[in-house]
Ligand code: NDP
């Protein structure tokens, strides 16, 4: 079975770079009309929308994940443009790493606000249209550290662990309406977010990963595509680890 998203519309938060961009490109390649949000990279966003076929096929929407009105506006733009929202990928995320002893309340707030409260805002906005359609697939992007914890990432790990409980709750609330909600928990993936880790650190990490390599954004996009597609219509409330075996 191929993963076909023809006739579906998908909204991806944080779609201009890294994992989000790979998801946008994969969903578009599978036939979906794809909207994506970004925070600041307007030029990249507009170029990507053009590359995917312009307004008929792709929408670039500037919307800060932590702002409830902008998140709701993004969902509304998809419904206005294409009449429906079939898939929602909650991907936008940030880090503000530091050991607890040095972590400021601002570091904590910024990460929880974007990664976890941002998920609440955009899912709340998509809730009603998806319930009305009696169909939809929500995929949240957590992290291996949401499951294992990580020194220096208390804020980030808390936000990513929170996403798992949040998504399972949505799966329970929305299942009767034909709407599914699942989590993808990536391991270490080569993106801007991990670009600052030196060779020493990544070399050591590879040793800890059963598959002995860091992941690529496309590894995550493939798992998300499965969860958005009709190949997974009996899968909900699941956390799919795409981490080379790190968290088993
Ligand atoms: P990147 O930093 O490479 O890209 C982040 C994307 O999110 C960009 O498109 C950025 O837009 C957007 N973004 C950031 N903040 C906001 C915001 N407040 N509102 C809207 N958009 C925003 O991240 P990755 O691709 O590495 O990570 C994507 C997701 O995957 C995150 O949730 C991350 O936590 C998770 N993840 C990543 C892992 C990794 O190893 N890379 C591992 C596990 C999970 P702009 O360009 O405009 O800033």
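Cβ atoms here come from the backbone N, Cα and C positions, even for glycine.
Features reported for this protein in TrEMBL:
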ACT_SITE  156  active site, proton acceptor
BINDING   14, 15, 16, 17, 91, 156, 157, 158, 159, 160, 189  NADP(+) binding site
DOMAIN    8-192  domain 'Ketoreductase'
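All features noted in TrEMBL, drawn onto the structure.
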residue	record	DSSP class
14	NADP(+) binding site	coil
91	NADP(+) binding site	coil
156	active site, proton acceptor	helix
189	NADP(+) binding site	strand
Residue among recorded positions 91, 156 with least C-beta crowding, 10 angstrom cut-off: 156
Entries of 16, 156, 157, 159 (recorded positions) sitting next to ligand 1, with Cβ under 6 Å as the cut-off: 16
Among 14, 15, 16, 17, 91, 156, 157, 158, 159, 160, 189, the record's NADP(+) binders - longest CA distance, Å: 25
Number of other Cβ atoms within 10 Å of the Cβ of residue 14 (NADP(+) binding site) across all protein chains: 27
Distance [Cα-Cα, Å, rounded] between residue 16 (NADP(+) binding site) and residue 156 (active site, proton acceptor): 21
Neighbourhood of residue 157 (NADP(+) binding site), C-beta criterion under 8 angstroms, separation at least six: 143, 145, 146, 149, 150
Long-range Cβ environment of residue 189 (NADP(+) binding site), under 8 Å and at least 6 residues apart: 18, 19, 214, 215, 216, 217, 219, 220
